[in-house]
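Working notes, beginning with the structure itself.
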Amino acid sequence: MNYLVMISFALLLVIGVESVRDGYFVEPDNCVIYCMPSSEVCDRGCKHNGATSGTCKEFSKGGNVCWCKGLR
């Protein structure tokens, strides 16, 4: 059993774990970026900050805000 744990741990170190997350696109003061129903501004801003894509999340709890997928 100990060998299995050690081998699993070694594989994680060798392979490397790269994780991404989804989340709101925010300004430096941690305020969300509001958007109009057009997702182009969100997509450009999210990609500029390392995400794979961005969209305008309409009618959410905080209003129309930018949502990014795959943030690094």
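Quick reminder: no glycine exception, Cβ is built from N, Cα and C everywhere.
Per Swiss-Prot, disulfide bond is recorded for C35-C56, C42-C66, C46-C68. Annotation source Swiss-Prot lists domain 'LCN-type CS-alpha/beta' at 21-72, citing sequence analysis. Annotation source Swiss-Prot lists signal peptide at 1-19, citing similarity to another entry.
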Original post:
Can you count helix, strand and coil residues in the domain 'LCN-type CS-alpha/beta' (21-72) using DSSP?
Top reply: 9 helix, 24 strand, 19 coil
Subject >> C35 (disulfide bond) and C68 (disulfide bond), distance between Cα atoms, whole Å >> reply: 13
Original post:
C46 (disulfide bond): which of the disulfide-bonded residues C35, C56, C66 is the nearest Cα neighbour?
Top reply: C66
Original post:
What are the non-local neighbours of C42 (disulfide bond), defined as same-chain residues 6+ apart in sequence with CB under 8 A from its CB?
Top reply: F25, I33, C35, G54, T55, C56, C66, W67, C68
**OP:** Count the other Cβ atoms sitting within 10 Å of the Cβ of C46 (disulfide bond), across every protein chain shown.
**Re:** 26
Subject >> Lowest local Cβ density among C35, C56, C66, C68, which the record lists as disulfide-bonded residues, within 10 Å >> reply: C56
